[in-house]
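Taken from TrEMBL as is:
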type	residues	note
DOMAIN	20-357	domain 'Peptidase A1'
ACT_SITE	Asp38	active site
DISULFID	Cys161-Cys361	disulfide bond
DISULFID	Cys220-Cys385	disulfide bond
ACT_SITE	Asp231	active site
DISULFID	Cys272-Cys321	disulfide bond
CARBOHYD	Asn294	N-linked glycosylation site
TRANSMEM	395-420	transmembrane segment
Amino acid sequence: GTLNFLAMVENLQGDSGRGYYLEMLIGTPPQALNILVDTGSSNFAVAGVPDPDVTSYFNPELSSTYRSQGIDVTVKYSQGSWTGVLGTDVITMPKGLYGSYTINIATILESENFFLPGVKWHGILGLAYDALAKPSSSVETFFDSLVRQAKIPNIFSLQMCGAGLPVSGSGTNGGSLVLGGIEPSLYTGDIWYTPITEEWYYQVEILKLEVGGQNLELDCREYNADKAIVDSGTTLLRLPEKVFSAVVQAIARTSLIQEFSSGFWTGTQLACWDKTEKPWSLFPKLSIYLRAENSSRSFRISILPQLYIQPILVIGDNLQCYRFGISSSTNALVIGATVMEGFYVIFDRAQRRVGFAVSPCAEADGSPVSEIEGPFTTADVASNCVASISVHEPVLWIASYALMSLCGLILLVLIILLLIPPRCQHRYTDNDVVTDESSLVRHRWK
């Protein structure tokens with residue numbers, strides 16, 4: 001058997017601030033690199049040249065098994081981008097999946113805001129669907145290659161253990177990426193599943209948000225504008241602008257003291273308290289309701305403030321400063337590391353669903369900082385909270401054809417007007433000599 005789930009436990013290191021990464025051996029002879037685990041993209045890419053922010057990189061010239069495909073590829077993320085060239089090579093993973101596999105690798109030749117100072121990883125492992133792969137969905141993803149070559153089940157699961165620990169601490173918080181299944185020791189209680197609504201990102205359907213047990217009362221489509229995804233490569237919980245301001249208002253109302261500068265909520269300022277104080281008691285719990293597999297039911301995942309009020313740095317001897325682990329987003333609700341650190345998350349591609357279970361490492365001072373409850377009825381929400389592509393694509397087509405027709409019509413009218421001989425225009429005769437005085441521009445006429 002190629003699978004040993006227990007050997008995969010604790011195969012990740014990292015923190016919620018800078019991501020969780022897996023050690024991988026690439027090429028022949030093997031070059032060891034740390035690879036960021038990202039469920040929000042679909043390319044496998046590694047630094048291919050030295051970079052000031054990268055401690056090591058993959059040198060394809062030193063690998064006898066590397067084959068270039070000579071295809072350029074560029075990938076843009078919500079922050080940062082890179083450009084590189086596509087090739088293939090063999091990889092092995094020291095922890096848990098035995099055997100070596102041939103996979104597509106993009107070697108990164110140029111990047112912008114991608115490798116950041118202090119990150120301990122040198123590449124990225126995109127675990128989303130081939131629809132997002134660049135330059136086209138015909139580039140087989142890392143996980144699809146594994147499923148095909150290692151014949152493992154089409155499912156992986158992820159536990160990130162950084163709850164309550166400093167965001168940019170020693171970077172050894174640990175976590176587990178289990179390839180091919182579910183490891184029972186990584187969760188307690190039941191696994192609750194929500195359907196994947198579309199296979200590109202891991203897009204799910206959010207029905208409701210509660211702050212401190214109070215429903216935000218927004219139209220459920222606002223929570224899915226224009227998509228809601230589960231993305232380990234995003235640090236924070238990101239909320240569409242409307243939802244974000246409603247959440248901030250609700251948290252500010254609930255938190256017992258209201259003297260937070262707006263900079264704290266927008267992420268430009270930290271809030272600091274005496275080390276002896278734990279500020280978490282001032283903040284409410286946050287609940288996200290997801291549609292269950294039985295569509296008339298839902299369940300909720302809740303995070304306590306220990307997950308979203310995140311310790312960042314210590315000032316002097318007695319001040320601990322925290323950041324707000326939620327930010328606004330223009331194009332998606334993103335369940336990022338802030339939330340995922342509370343749960344063992346199962347990406348069950350075979351059955352097109354994402355599962356959540358309470359993670360035993362999600363605790364602070366001995367008590368859990370996350371919870372899952374259900375089932376609840378969905379009678380109070382719309383039967384569909386996702387602006388589904390199948391609906392909005394035809395609408396866009398109709399709108400664009402209508403606009404094109406309108407433009408065509410206007411153009412036609414203009415052409416006709418140009419072609420009609422100008423009749424009612426005043427024709428100048430010899431008597432109408434333009435003198436200095438009558439000339440609008442008052443040029444001297446020579």
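Numbers run from 1 along the shown chain.
A Cβ is built for glycine as well, from the same backbone N, Cα and C atoms used for every other residue.
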Most Cβ neighbours inside 10 Å, all chains, among the recorded positions Asn294, Cys361, Cys385:
Cys385
Fewest-neighbour residue among disulfide-bonded residues, criterion Cβ within 10 Å, set Cys161, Cys220, Cys321:
Cys321
Taking the Cβ of Asp38 (active site) as reference, which residues of that chain separated by at least 6 in sequence fall under 8 Å from it?
Gly19, Ile124, Leu125, Gly126, Leu127, Ala128, Asp231, Ser232, Gly233
When the Cα-Cα distance from Cys385 (disulfide bond) is computed for each of the recorded positions Cys272, Asn294, Cys321, Cys361, which gives the smallest value?
Asn294
By Cα-Cα distance, the member of recorded positions Cys161, Cys272, Asn294, Cys321, Cys361 nearest Cys220 (disulfide bond):
Asn294
For Cys161 (disulfide bond) and Cys321 (disulfide bond), determine the Cα separation and express it in whole Å.
21
Sequence-distant neighbours of Cys272 (disulfide bond) in its chain (C-beta under 8 A, six or more apart):
Ile315, Leu319, Gln320, Cys321, Tyr322
